[in-house]
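Participant: So TrEMBL lists the following for this protein:
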- 33-55: transmembrane segment (TRANSMEM)
- 466-929: domain 'GPI ethanolamine phosphate transferase 1 C-terminal' (DOMAIN)
- 476-499: transmembrane segment (TRANSMEM)
- 525-542: transmembrane segment (TRANSMEM)
- 548-570: transmembrane segment (TRANSMEM)
- 582-599: transmembrane segment (TRANSMEM)
- 611-629: transmembrane segment (TRANSMEM)
- 636-658: transmembrane segment (TRANSMEM)
- 664-683: transmembrane segment (TRANSMEM)
- 775-798: transmembrane segment (TRANSMEM)
- 870-891: transmembrane segment (TRANSMEM)
- 903-924: transmembrane segment (TRANSMEM)
- 936-956: transmembrane segment (TRANSMEM)
Amino acid sequence: MRGGDGILGNREVERRNAFVSTTRRKWLKRREIWLVVLGVILHAVYMMSIFDIYFKTPIVHGMDPVAPRFSAPAKRLVLLVADGLRADKFFEPDSEGHYRAPFLRSIIKGQGRWGVSHARPPTESRPGHVAIIAGFYEDPSAVTKGWKANPVEFDSVFNQSRHTFAFGSPDIIPIFCGAVPHSTWNAYPHEFEDFATDASFLDEWSFDQFQSLLNRSSEDSKLEKLLLQDHLVIFLHLLGCDSNGHAHRPYSSIYLNNVKVVDRIAERTYHLIEDYYKDNSTAYIFTADHGMSDKGSHGDGHPSNTDTPLVAWGAGIKYPKPMLSTNHSHCSFRFVDEHMHDTPTPTEWGLHGIERVDVNQADIAPLMSTLIGLPCPVNSVGSLPLDYINMIEVEEVHAVLANTEQVLNQFLRKSYIKQSNSLYFKPFKPLANCSSILDQIEHLISVRDYEAAMKLSENLRSLALQGLHYFQTYDWLMLMTVITLGYIGWMIYLVLHILQSYTSLPGNMLRKEQAVHQRNYTRKVYLFGCMLMGLLSVLLFLEHSPPLYHAYTTMTVFLWTQIVSEYWLIKALWKHLHGRKFNYIVKLLVTTVVSVVILEFLVNSFTDRKLYTWCFLTIGVTASLYLYNSIPWRSGIPIFVCIACWFLSVFTLMPAEIPDNNQLVIVSGAMIILIGIVARWLNLHAEGKYWLSISNHEVEKPKFPMLFQLQALLVGLSSVMVSLSTSHRTQKQELLALHQLINWSIAANGLLSRLTSIFLGFAPTFLLLSIGYEAVFYGALALVLMAWIIFENTVLYFSKVKKSSASTNNEIDSVIFKLDERCLQLSDVRIPLIFMILFNVAFFGTGNFASIASFEISSVYRFITVFSPFLMAALLIFKLFIPFMLVICSFSVITKLHRLPRLGCYFLVIIFSDVMTIHFFFLVRNTGSWMEIGNSISHFGIMSAQVVFVLLLFALTNIYTKDIQCNSALATSHKAM
């Protein structure tokens, strides 16, 4: 009877254990799904935060224009903007010693003032003209419009004028005149902008339009009346230099001749207006919106792009002044392009004896407004350059004071808006008593202490500009703190999940600690978390905060509530850590430091691809030395690993713009077949303990033994088609469908044989979409991935069996895995780290994945020659994804080789990715060129999207790797147990 009870009791225990095991497995699966969903939502929400932090518009409305209290020096203003004209090409002589702009040089020497106008990146046409005409720099929120337009309405000199006449480009003129009722304007059709021709005729078109306008006024009394008004602005936009610079480069004869054309147009415009009005009451401003690099591009902060000429003459403009040593003042002052004040004038310009007055580009707007007695544009941040204006001292003070009050009004408006929406308002203390400062300035003017009034006005303007920046970044500290705490909370939450679910921690201790207190404690924590979320939401609602502010705070509070609810787990982990030996603590710290160093290296690699060269040179030496101490050199494995890493290191030294080299692509096909043959031979014939886990010759033979030969044939045919399709440009899309059908319908299931099949399966597509060295990169990447697998196989072989056995015992006690999986160990951290390096090499090995434009579109011409943007983009993206697929497949088989839980490794990858994400979050830029700003956003976005991107690739590659078999002795013993 007792024996029967014992047997029944054992069966009952087995059933209970089986039930607990099944229940825990289901719980773990639900928790994994929940974490993935939470991660996707969190990264999507936090990704939007950069637009609330970095890309909010600085423009505010509701300010009244400041009416000038001085008589206007001029009745009308002529603004000539030579788009894309570099300062050096304008001022320097040609090869024969003749200057390209003789008329404007004569103005500089005898009638007006000159200098360099410093543009702030992005040095593009729209932001440059906005700075000149409206007085402020690029609105960061323009990123939401794809940099195509200013998303917020703004004031300009044209708005304030009585009437504006404008002629020029259809990309510029409508921006400023399209919504201005008191304007007369015309723009040529877009078709006129033909890069195949000399674009100087566009400049002639603008002048001809203005000349015909003046001619028509003799027959049109209404037009004549408009032209005879004061507060008039005439704007000629001259696009020729920009178009010719792009098409022919700024050192070409066409571009340099266009400089002469611009000078002649300035001369003809001057004589035309002087002959028409005959009153010497016209002021003239000649400048450029940006320069042009030697490559025929612009946008960044290089001096060739930021330095533009500025020449002013006519009514209200001072005459030339000889250069004196005492004229050098404010030597520590920097312009918006970070160039020093009073930088030496190049000798070849021939203007050393004449004082040069440099300005920031936005300073031109208040200069123009002052010359014709208009209020400064209400959104302007420019400072009036007094060295250009010919006024008596009292009028100079009034002009500067009007400029100061206009900037101060913006500050006061921003302060009012923020204060009215804040429960706890922090004012800008330096301007707490700005009204008393204004009263003091008025008093100084009344007692005719103009020098003191001028100095105080300029100081007040400087403080107002600082105050504008203060309120523009007012919410930054709060938002950045919330987002950073959210990312840190997410990573801690993942670490707790990994330790609890995938490691061999002492589970009995955790359960005993949790059994007594956990339930009541968790309820209290959740209740407190919900109350805190509600309180913060109410506070944000009272402050009229945007909806996303609520999402940021709610997500962060939720994550930290989850962490605090795991207090007993954290307490148990802390006790467990205290009980470990000192050597383990040191190992843990060293692993953490090395991981952070590697991740910071990867962050820097986003801007410098060449770092990977040093990385793989170092890895090759280190890995081969490690293997040398473990296995003999005669096996060839240490040498192979070193050579493979060194071979891959070459590619990140090559240019991101891949040059055409079809012969190299064809040779790459032969190399890929050779790699496949060697891998096939090793799979079938390699003997010895080092190949036991990855070779196939001791496993059941594949059902389709001819698959390898078929795939090798397809690779060879692809190499032939590369040559044929390049010469004939014929579409070969049927081949792509055929290769997909054959390669992924059938496959072998040994580790090495399956990887060889995957490598050869993707090769034809990659070859057909290659134009140069990236075809060789495909083979080099495959060699390094194979070296990684062999390295891990060697590490596995030499790992101690007793250590694995101990892990297995703990695993059964605390974690429920699949039968062929073991728990994670500290040493396993290297696998996700190596994956991160290789994954990023796949990103940047043949270009800059952050910008699809860095990849050559001609690589799709073998499939389609008729322009089809969606199909072309799909083919290009598929090509870019192939290296990722190889890396993910290798990562998957290594987790199988070590019997690691794939989702546990995935969560480690996400943790490492988010360390990089936090760094990129602080590297996002809202100034600089559009490319620099866009790259900083894309870097942050790429890392944020990896939670989805890597998971999708895991799911996709699981189709190819789920039934791979490893001949692991350890796995066999595990299954037997």
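Cβ atoms here come from the backbone N, Cα and C positions, even for glycine.
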Participant: Under a Cβ pair cut-off of under 8 Å, which of the recorded stretches 611-629, 664-683, 870-891, 903-924 contacts the transmembrane segment (636-658) most often?
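Facilitator: Looking at each of 611-629, 664-683, 870-891, 903-924 in turn, the most contacts to the transmembrane segment (636-658) are made by 611-629.
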Participant: Tally Cβ pairs under 8 Å between the transmembrane segment (775-798) and each listed stretch (582-599, 611-629, 903-924), then give the stretch with the top tally.
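Facilitator: Going through each listed stretch, the top one turns out to be 611-629.
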Participant: With an 8 Å cut-off on Cβ pairs and a sequence gap of 6 or more, do the transmembrane segment (582-599) and the transmembrane segment (33-55) reach 3 or more such pairs?
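Facilitator: Answer no: the transmembrane segment (582-599) and the transmembrane segment (33-55) share fewer than 3 Cβ pairs below 8 Å.
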Participant: Honestly, do the transmembrane segment (33-55) and the transmembrane segment (903-924) touch, with at least three Cβ pairs under 8 Å and pairs 6 or more apart in sequence?
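Facilitator: By the criterion, they touch.
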Participant: In the same chain, which residue numbers or ranges, 6 or more beyond the ends of the transmembrane segment (548-570), come under 8 angstroms Cβ to Cβ?
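Facilitator: Same-chain contacts beyond the ends: 41-42, 45-46, 48-49, 52, 479, 482-483, 485-486, 489-490, 492-493, 496, 499-500, 510, 513-514, 517-518, 521-522, 525-526, 528-529, 532-533, 536-537, 540-541.
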Participant: I'm a bit unsure how to read this: which one of 611-629, 664-683, 870-891, 903-924 has the highest number of Cβ pairs shorter than 8 Å with the transmembrane segment (476-499)?
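Facilitator: Comparing 611-629, 664-683, 870-891, 903-924: 903-924 has the most Cβ pairs near the transmembrane segment (476-499).
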Participant: Apart from its near flanks, which chain residues at least 6 from the ends of the transmembrane segment (611-629) lie with a Cβ under 8 angstroms of it?
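Facilitator: For the transmembrane segment (611-629), the far contacts come to 601, 604-605, 637-639, 641-646, 648-650, 652-653, 784, 787, 791, 794, 837, 840-841, 844-845.
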Participant: For the domain 'GPI ethanolamine phosphate transferase 1 C-terminal' (466-929), would you mind checking the mean pLDDT of the predicted model?
Facilitator: 76
